[in-house]
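Student: So TrEMBL lists these for the protein:
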- C48-C58: disulfide bond (DISULFID)
- C88-C98: disulfide bond (DISULFID)
- 3-43: domain 'EGF-like' (DOMAIN)
- 44-83: domain 'EGF-like' (DOMAIN)
- 84-123: domain 'EGF-like' (DOMAIN)
- 124-163: domain 'EGF-like' (DOMAIN)
Amino acid sequence: CKDIDECATGTHNCRADQVCVNLRGSFSCQCPPGYQKRGDQCVDIDECTLPPYCHHRCVNTPGSYYCQCNAGFQLASNNHTCVDINECDANNPCAQQCYNILGSFICQCNPGFELSSDRINCEDTDECRTSSYICQYQCVNEPGKFSCVCPEGYQVVGGRTCQDINECETTNECREDEICWNYHGGFRCYPRNPCQEPYVLTSENRCVCPVSNAICRELPYSVVYKYMSIRSDRTVPSDIFQIQATTIYPNTINTFRIKSGNENGEFYLRQTSTVSAMLVLVKSLSGPREHIVDLEMLTVNSLNYRTSSVLRLTIIVGPYAF
């Protein structure tokens, strides 16, 4: 006797959704892979409800299933495991710096830039707007950085601070009969011989009125020329210059006063000893400006002999507070 293959001859009675399996002397109606019998019908097996087949997400399909991965991951060759995607290597989405992290990535910017709202592109950081004290004088924003500039007569030191240029040492433009005096932000030329008739020059900056000249009896015996510079808007009160007798005579009394140049009351002369006094700035001065102040020392001896000497102080106020 030879077995009849009912599945091949079509003499079976399996349903269309069933699979005929030939047996010796008979046949069996079974469900295809991915289905299970429920009564006479084959119903789909939901593999996603069974012990986990997939690393991240399972998607059931009629008779089968497939795995999906979360964003930032991709399926491995076994179609079940999910492995991280290195977005920085695959297709760098960042404008400047890219750092891969598990399942994603982050963008960073080079120094001087900051991330824009899309967290991908970089925008220039305007450092000049972050602080008004970043430069001593003026800040200039540049792509990815900034620079400090100084006004004429100054140079940038340390990247941010302004330092006075001593033009008398670099580009002295004064004549031979002049001396160069540097001040904060510039320089000026003054005559080497400042003496005016009837005074005569006795040393570098000292003019004397000869006793032999009758006109000199009513004039200060000597005039000494001094120069100094101060910054604009200096804090007051402030001691700025000390005047002192160069020759001390016995049995004499010295008094000090501001003879001229203090019409607006910017200065005060405080006597500090019998032979010295301190010039005090009591009102703030703004530059550029030049003040010429005559400081007089009156000397009287026991025989009522009177004489005086003048220190002509030229004060140059710079244009800035640095």
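Note that Cβ sites are derived from N, Cα and C of the backbone, with glycine treated the same way.
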Student: Do you know offhand how many angstrom separate C58 (disulfide bond) and C98 (disulfide bond) by C-alpha?
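Tutor: Taking the Cα atoms only, C58 (disulfide bond) lies 31 Å from C98 (disulfide bond).
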Student: I'd like the per-state residue tally for the domain 'EGF-like' (44-83) from DSSP, helix first, then strand, then coil.
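Tutor: Output for the domain 'EGF-like' (44-83) reads 3 helix, 16 strand, 21 coil.
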Student: According to DSSP, how is the domain 'EGF-like' (84-123) divided among helix, strand and coil residues?
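Tutor: Its residues divide into 4 helix, 16 strand, 20 coil.
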Student: Take the C-alpha atoms of C88 (disulfide bond) and C48 (disulfide bond) and report the distance between them in angstrom, rounded.
Tutor: 33
Student: Can you check how the pLDDT averages out over the domain 'EGF-like' (44-83)?
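Tutor: The average pLDDT of the model in the domain 'EGF-like' (44-83) works out to 92.
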Student: Reported in the order helix, strand, coil, what are the DSSP residue counts of the domain 'EGF-like' (3-43)?
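Tutor: The composition, in the requested order, is 4 helix, 17 strand, 20 coil.
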Student: Return the residues near C48 (disulfide bond) by Cβ distance under 8 Å, restricted to its own chain and a separation of at least 6 in sequence.
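Tutor: Expected: C54, C58, V59, N60, Y65.
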